[in-house]
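Noted in TrEMBL for the protein shown:
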{"type": "SIGNAL", "residues": "1-21", "note": "signal peptide"}
{"type": "DOMAIN", "residues": "27-106", "note": "domain 'Cytochrome c'"}
{"type": "BINDING", "residues": "C40, C43, H44, M83", "note": "heme c 1 binding site"}
{"type": "DOMAIN", "residues": "116-206", "note": "domain 'Cytochrome c'"}
{"type": "BINDING", "residues": "C137, C140, H141, M183", "note": "heme c 2 binding site"}
Amino acid sequence: MRLATNSLFLVLFFTTNVALAEKLTPQDFKATKKIINNLCIACHAADGNSLIPANPKLAGQHAAYITKQLLNFKSGVRDNIVMAGMVANLTEQDMRNLGLFYETQPLALAEAKKNGVGSLGEKIFRSGLDSRGVPACASCHGPSGHGIPDSYPRLNAQHSEYTVSQLNLFRIDRRANDSGMMMRSIAKKLTEEEMQAVADYIQGLR
């Protein structure tokens, strides 16, 4: 059993690093790791699998999405005083490299607390709420919540607390960097209970 586990770890390690090597030069990799150690590690962990529910997991997230968020933090389009300070001295290339790094990191999966098969969370994610014009989350983010690169972010295994916080920010227009006001429109139609339910379901997606 231990041999099999060690073998799997080695496969994941070398696969991840080969994929990253194809995207970042050794110089870029070194510079990116320095940025992570100085700015990112305390809140998001070295590999992007944050252990703090209020802070998002970045591992496995699409590089283009991470880059966009960092650019938006710097420009002020996405309002967050902490992140604005973190990215203040980063170049656009730094941000792209961070996105490439985190995209190749294996995402640590999680479990839903209450909202599994047959739950309100599953209904909202897979079918939406037709009576209130809430589309299925899966229609944009995919049946497993893996998103669409360059279009929609990956959601699966994300901390439910973080997902709820972002839905609430969209609802009150504190977060306004969604294309076509899509997420703001959806969040305004959800109750707090519904946000909690769908966020919990998303946390357990594989």
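Every residue, even glycine, has its Cβ placed from backbone N, Cα and C.
Along the domain 'Cytochrome c' (116-206), the predicted structure has mean pLDDT 98.
Geometry remark: C40 (heme c 1 binding site) versus C140 (heme c 2 binding site), CA distance 28 Å.
C140 (heme c 2 binding site) sits 25 Å from H44 (heme c 1 binding site), taking the Cα positions as reference. Distance between Cα atoms for C137 (heme c 2 binding site) and C43 (heme c 1 binding site): 27 Å, as a whole number. The binding-site residues in question are C40, C137, C140, M183, and the one with the fewest Cβ neighbours inside 10 Å is C140.
For H141 (heme c 2 binding site), the count of additional Cβ atoms within 10 Å of its Cβ stands at 21 [all protein chains shown]. Spacing of M83 (heme c 1 binding site) relative to M183 (heme c 2 binding site) is 21 Å (Cα to Cα, whole number). Across the annotated binding residues for heme c 1 (C40, C43, H44, M83), the two most widely spaced Cα atoms sit 12 Å apart. Counting residues per DSSP class in helix, strand and coil order gives 50 helix, 1 strand, 29 coil for the domain 'Cytochrome c' (27-106).
Calculated from their C-alpha atoms, the gap between C43 (heme c 1 binding site) and H141 (heme c 2 binding site) amounts to 25 Å. Across the domain 'Cytochrome c' (116-206), DSSP helix (H, G, I), strand (E, B) and coil residues number 48 helix, 5 strand, 38 coil.
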